[in-house]
Amino acid sequence: TETKWFWSKIQDEFRGGKINVEKTQKLLEKLDVQCNTIHVKHIFKDNDRLKQGRITIEEFRAIYRTIVHRQEIIEIFNAYSENRKILLENNLVQFLTQEQYAVEMSRTIAIEIIQKYEPIDEVRRERQMSFEGFARYMDSPECLLFKHECKRVYQDMTHPLNDYFISSSHNTYLISDQLVGPSDIWGYVSALVKGCRCLEIDCWDGAQNEPVVYHGYTLTSKLLFKTVIQAINKYAFMTSDYPVVLSLENHCSPSQQEVLADHLQTIFGESLLADILDDYPDKLPSPEALKFKILVKNKKIGTLKETHERKGSDKRGKVEEWEEPDDEEEEDEFKDSTASDNFSLKDNQDKETEVKKAISSKLFKKKKTRKLKIALALSDLVIYTKAEKFRSFQHSRLYQQFNENNSIGESRARKLSKLKVQEFILHTRKFITRIYPKATRADSSNFNPQEFWNIGCQMVALNFQTAGLPMDLQNGKFLDNGASGYILKPQFLRDAQSNFNPNIIRDGNPTTLTIRLISGIQLPLNSASSNKADTSVIIEVFGVPNDQTKQQTRVIKKNAFSPRWNETFTFIIHVPELALIRFVVENQGLITGNEFLGQYTIPFLCMNKGYRRVPLFSRLGESLEPASLFVYVWYIQ
């Protein structure tokens, strides 16, 4: 039946004789075979015996079998087929339960799979599956590594905002480097389309009373603030329904701040959150309560109650002064940390003495401050995301309000996380904390976001325009929860009773993850001249320091089309809730060193068990379909 089916599908194409490589590609697509053009060209060349650029029907069949009849799939099929020709419905049910861990409804699933993937009519009618159908099922989205249930929003979205990791970008308007590169609307559009929920807008006074967006004091080009807001308005909720926070880096004079406020209100209209929600006068609302809302993050004068009472009044020309400690005091956390070092999480009775100490140290220590002028119209648009300078954990415990957020530079945050990890976690349980790249990263490079997720920082802001490991981790982490840009933090980073410390191994059973890396499928090629790359795969775990590890396969020489490793790797994972697994495919070069071919990063808890395909992505995050790895995954949780 298979042979008959195959000939009936293709013979028409050969009525006029032999076919060329373009027709071969089209015919493969017609047969539902995913293939990479460069790989097809090489396989075509290998099978074109007369080397005239045209092949016979027999040669086409050989090409088809090379691509579809992969040895590793045949082996699995034969293990479950009683006659090595056909899978009965029961055989498929057995495969699904034993190998793919489809515990519930496996019979219903089996019937659906046969209906969907079996191309031969008479086999399908008998509720059976040929190898052709099985191969198509194994290549289908249903066998991808990523769990289907994580593709939708499945987490509880009614916790307060500070209970979530929030996808965040730094200097969103830049599309290359920080000093002379172009500023571009595309920076905002692409970040939003990737599910980013916190954007940064650097605002400066512009000509004709129109504020502009660019990286101040540098040669980066300028965008009109108005244009940026129009683009955000258009794309804000295309990928996710959940709130977008606009982090304003505000350098405008009061009169142009009023223009900012005016544009925000006119362009966003009802989407702009400009007053407290009735149910949340004194606590942060949830992503659910803020669906389709835009929040402004900026300095704010006065209280939420005062803002509420001023609603509807004329604020033109009204300017307030804001005083804050100057940057030089950034390090006071370390200079005068004795009071807070003795702070114990359980023991809170000496809070009063702490307050007194804090106040007395303030009296004796004249701090440098700077004054900023803020237009009331803009200040009043700041509700639940008030930017507040971070002074110390001690100061925050005593004075910080529920709606005040801190931004901490990566170097300072790294020091704090080393010296006072428990206090840092206590802080991120209550307050939204944003971490941003240090200023010396003029090339827009990124830091590893994992170390800050490990301590519960909600907004770890990366340069989305810069490809590489940090953005791979960012993109991988936020695939979870329907790529909505919000991921509920694990219980131990939310619960006040928890004494979690990422540097200490937790009691309890670690999870053992086993990955058998079976083969590569049409791996990406960096040059069209050859498909003979020397390929190897690295599997890395990112998470708490103790889980951080990597293992590597041997190199398979001169085969990027179908390398077979068949190697098994075991990883011990202590904190699965924070772990990401990253697959990297490399071409081993003797002279030039190893060349990156593709990668895939996935949260450990989003991994399916069983035989799975790992789709590969380019350095820039673009899909390289059908390039993938074929693996068998197993773990007990």
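If you go along the chain as it appears here, the first residue is 1 and each next one adds 1.
Cβ coordinates are placed from backbone N, Cα and C, and glycine is handled just like the others.
Residues 254, 258, 275-276, 300-301, 373-377, 379-380, 383 of the same chain lie 6 or more positions beyond the ends of the compositional bias 'Basic and acidic residues' (307-320) yet place their CB under 8 Å from a CB of it. The compositional bias 'Basic and acidic residues' annotation in TrEMBL covers 307-320.
Look at TrEMBL and you will find 321-334 tagged as compositional bias 'Acidic residues'.
Feature annotation from TrEMBL assigns compositional bias 'Polar residues' to 337-346.
Summarising the annotation, TrEMBL assigns domain 'EF-hand' to 35-70. For the domain 'EF-hand' (35-70), the DSSP counts in helix, strand and coil order read 23 helix, 1 strand, 12 coil.
Residues or ranges marked as domain 'PI-PLC Y-box' by TrEMBL: 378-494.
Feature annotation from TrEMBL assigns domain 'C2' to 494-618. Confidence in the domain 'C2' (494-618), given as mean pLDDT, stands at 93.
If you look up TrEMBL, you'll see 307-349 marked as region 'Disordered'.
Long-range contacts of the domain 'EF-hand' (35-70) within its own chain (CB-CB distance under 8 A, at least 6 residues past either end) are made by residues 6, 10-11, 14, 17-21, 24-25, 27-29, 131-132, 135, 519, 521-522, 524-525, 528, 530-531, 560-562, 626-627.
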